[in-house]
Amino acid sequence: MAKRTFSSFEIFLIFLLVITTGITVALLSLLFITSGTIENHTGFPSTQGPPATQSPPATQGSAAPQNSTPSRGPTTTQASPTPSTPEPTLFQNFSGYHIGVGRADCTGQVSDINLMGYAKTGQYARGILTRLYSRAFIMAEPDGSNRIVFVSIDIGMVSQRLRLEVLSRLQNKYGSLYRRDNVILSGTHTHSGPAGYFQYTTFVIASEGFSNRTFEYMVTGIVESVEIAHKNMKPGKIFINKGTVDGAQINRSPTSYLWNPQSERARYSSNTDKEMVLLKMVDLNGEELGLISWFAIHPVSMKNTNHLVNSDNVGYASYLFEQEKNKGYLPGEPSMCVAMGPGQDMFESTQIIGRIIYDKAKELYESASQEVTGPLASAHQWVNMTDVTVWLNSTHTVKTCKPALGYSFAAGTIDGFGTVSFTQGMTEGDSFWDTLRDQVLGKPSEEIKECHKPKPVLLQTGELLNPHPWHPDIVDVQIVTLGFLAITAIPGEFTTMSGRRLRQAVREEFEAYGMLNMTVVISGLCNVYTHYITTYEEYQAQRYEAASTIYGPHTLSAYIQLFRVLAKAIATDTVANLSSGPKPPFFEELMSPLIPNIVDRAPEGTTFGDVLLPANTIYRVGEVVEVTFVGANPKNSAENRTHQTFLTVEKYEATSATWQIMHNDASWETRFYWHKGSLGLSNATIQWHIPDTAQPGTYRIKYFGHSRKQDLLKPAVLLSFESTPSVFEVTTTW
């Protein structure tokens, strides 16, 4: 075959295509500067995990389109299999609920992967500040007939692929006991957890690929937390409390809030939701089991300059509560089963806001006295959110839209600015970006542009199907009720007023059918991620949150209508009559991570774990110990989990002549930094910020890891190692 040659003009066109493609990828990497007003949950399982929070609306908890391949869901079975684990014997003659709590590590890889939230190019994980946990809470009626599961996960948000795989594995183990209707998976919304666990192209691009390593780590941790909770179920009681939290949040788009009717705003004293709702769980002897709290906050104090995996301020609140309740245990150990900020840097801001949340949660926990009683129920539907007919009144209807992102989406927001010349509040497009988009991705249809007005469409994601759809069409709507408490699982982030409207509508629907005085909470970032949900009025302002409301101006009205249907079904005991809706796809052959696996190398004459820069011989309380070792890529440890921590701080006990572990990599006082060199070389630096509570004595720091080795024509192997220790003294005075 003759060799093909190109003309100068053809070379120019190829060059132009490469450049425009690069610009497009950079533009798409702006996706996800996820912020705003959302409800967050914090949970503190008192055997294996901490608390959760809400934001305006966010939650906390503790303790087959063209060219896509949705044919196989996660491993499924035709019939409900026999549970492989014997069902715990449930004592039935009592008043209350069976309660189980469980916590498991779901950190994933802590290097060579984007952090999920800001979608900032180059914000790769380079170490760890705190581990990430899945905290599961199971509540069942005394006869075990009805049960609900709430899982709070220290990740940015729950992806649809993650939920489908978790439900599949639970079905394989427990049959029909844990299902799509009675299991809620909710993310705490840290922006400092690993990305790479999504299946829709928008998020795969923002993640720079799909990481099966991290996906498996997360799925395994979530399922394990439910398994632990299942095994730990015991009779108990649940108490509820509410209180006001001051000084922990702001409304990120106050001018958008002002677009809401003045008469509606006059009913509230603030443009943020300050109420915390908390559940306290104890056994029949009063022994503590755990808690879940909901508080409306955008739980992001760590900036987009951070490279350490951590659970941010909500996670810090959970950390404080678990350390309080699990004295004598290291963070993360099994126990009694239970951007901008006010600080001088993001670490201090995280601590300040986290402590505010913790202090209020502790106060409400200790004073909780109103018992939750009543039956358990759950309702769920899959809904095609691109085609919902919304009844505004008895005669007028509107419809939702195919997904699209507006220009102000690319502008970012105050806690995560965009990187190009976009501004918030854009209601008109730009000819340059429109032309670039049209050339690379194609033109958006008139239908999608008209449907989204006044949003100028930047990316018509609902019309982009290669290599897979760019945004979900099918989303989950779900409510579970625990007596007079209703938990609404929201697949995105609500603004303050959106959350208020939904809670009111759901409460009114319950009341209309005889369920009076219901407390309604919102758990955000649940089950599948769909960006933001603003009110219709806020949508007109087209700030970041409105531009990120992907199903158009009537998205909130659609959700209110859908959640009313679920509330009515629960109140009238007609859940069995609900249609399950169209099942979402589960895509295969996702884009591989852009960063390849390479063999680790140690400098000549050294081995992995050797000390390069030792600690000083003596330190005072309040100072920082720092040791640098010959390192290996930490992502190896997400595959081979021989070691459960990257570091330990140990104190020598002379009476027993043993070293006692005082801190690990889940401790707030420690930091693990990985410094990537070239050709497989790297260093690892461990810091210990000596707390005021540290006792004088002899200490050492150890480093644990795994190196990747590959001989010619053989598969790679991961080899565990631990360092030689670096020993030093700690004193309270000189």
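Cβ atoms here come from the backbone N, Cα and C positions, even for glycine.
Noted in TrEMBL for the protein shown:
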{"type": "COMPBIAS", "residues": "42-73", "note": "compositional bias 'Polar residues'"}
{"type": "REGION", "residues": "42-87", "note": "region 'Disordered'"}
{"type": "DOMAIN", "residues": "97-331", "note": "domain 'Neutral/alkaline non-lysosomal ceramidase N-terminal'"}
{"type": "BINDING", "residues": "His189, His298, Glu493, Tyr532", "note": "Zn(2+) binding site"}
{"type": "DOMAIN", "residues": "334-561", "note": "domain 'Neutral/alkaline non-lysosomal ceramidase N-terminal'"}
{"type": "DOMAIN", "residues": "564-730", "note": "domain 'Neutral/alkaline non-lysosomal ceramidase C-terminal'"}
**Prompt:** Looking at the binding-site residues His189, His298, which one has the fewest other Cβ atoms within 10 Å of its own Cβ?
**Reply:** His298
**Asked** Among the binding-site residues listed here, Glu493, Tyr532, which has the most company in the form of other Cβ atoms within 10 Å of its Cβ?
**Response** Glu493
**Asked** What mean pLDDT score does the domain 'Neutral/alkaline non-lysosomal ceramidase N-terminal' (334-561) have in the model?
**Response** 92
